[in-house]
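S.K.: Sequence annotations record features per position, and here Swiss-Prot assigns S-adenosyl-L-methionine binding site to Gly101, Gly102, His103, Asp120, Tyr147, Asp171, Gln178.
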Amino acid sequence: MHVRAPWSLPEPTLAYFPNARFVPSDRDLGAGALRLVGEDCPAPTRGGVAVADGPTEPGFNDFHHVPVLAQRCVELLRPALTRHHADGSEAVLVDATIGAGGHAERFLTELPGLRLIGLDRDPSALEIVRTRLARFTDRVTLVHTRYDGLASALTELGYGAAQSIDGALFDLGVSSMQLDQAERGFAYSKDAPLDMRMNPQSALSGADIINTYDEAALADILHRYGEERFARRIAARIIRRRADRPFTTTAELVALLYEAIPAAARRTGGHPAKRTFQALRIAVNDELGSLRSAVPAAMDALAVGGRIVVMAYQSLEDRIVKRVFADAVASRTPVDLPVELPGHGPRFRSLTHGAERADAAEVEHNPRSAPVRLRALQRLELEALPRQGTGKGES
């Protein structure tokens, strides 16, 4: 297993379970040992997922990462990964958000010939996953990069950025192991430095934004990325407070948010800090910009017959995925023509009817799956399908 870190890295949200406390569950696992080439990754820490209630917190090795909708991901991607051989030989899967490696482990176990490339911007995640996937070392390559570095990673690994892989998987959900590392500043339930960087090597932190951006820019971030209806009110309070002293900790920001949001609003809609923390984290890590580049790059990298699955956990991400997918399945032929013009047919076909959701059994087994929206596409040969409308307006 290999890893590289060719560039510094400037991902989404704590707000999925706004009233929750954190209990160990489904994002981490310790296993054997692997060597990561070219990256000094910190040791793994305990993990957890936000749920409404749960058992007393055990140690890091006492629980198992439960990947969201793992069986459905396998069902959707297996046909593309077994086109050459039933065991996945000669197929390449890119796990663009490998995290603790739950999905990767499932695919590598079920398809003993599959090669997997795992991407993550967080060196802590790579340390955990390299340990978890130790027994698959000859079939796994880990790359320290944001997921919008996918094309560059494939090129540097010798695959090429176009039509070179058979499957791509994006699990955009928040990593509980990052939330559980209090010093990272992601969790509003814990006092910590106001950091929020997915990659500790990145330059911009949450404190930088809070302490240096002007009132209009702060309000725009809170409204655009947090969909916070009190964005202007909060921004004004931040400006007044930092004139006295700069913000340095999450607790200071949480206290201000509690005061800034009206009491009536605090009684509904979850924790008063959830939207602001989401917005700051998205801005610090350029999550949405990265996603807008990453999904099209993954689609371009798919060979004909290849498939992509994307799981989003909040509406801002899902809207981006929905728009990109809708464009990919749309015909470019004018709607008033009865036949498809050469080269104007859809490039992909949808494998899901809109966004799929986790069923009750999945949510009970894995609470983190409650907000998930899964979408999937398959790459087509040009002119592979007869004209059946434009494909626009899919829900």
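Even glycines carry a Cβ here, placed using N, Cα and C.
Have a look at these and tell me how they're positioned relative to everything else.
M.R.: The local packing around Gly102 (S-adenosyl-L-methionine binding site), expressed as other Cβ atoms within 10 Å of its Cβ over all shown chains, amounts to 22.
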S.K.: What is the one among the binding-site residues Gly101, His103, Tyr147, Asp171 whose Cβ has the most other Cβ atoms less than or equal to 10 Å away?
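M.R.: Answer returned by the neighbour count: Gly101.
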S.K.: Among all protein chains shown, how many Cβ atoms are found within 10 Å of the Cβ of Asp120 (S-adenosyl-L-methionine binding site), not counting that one?
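M.R.: There are 29 of them.
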S.K.: What kind of secondary structure is Tyr147 (S-adenosyl-L-methionine binding site) part of, going by DSSP in three states?
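M.R.: In the DSSP reduction, Tyr147 (S-adenosyl-L-methionine binding site) maps to helix.
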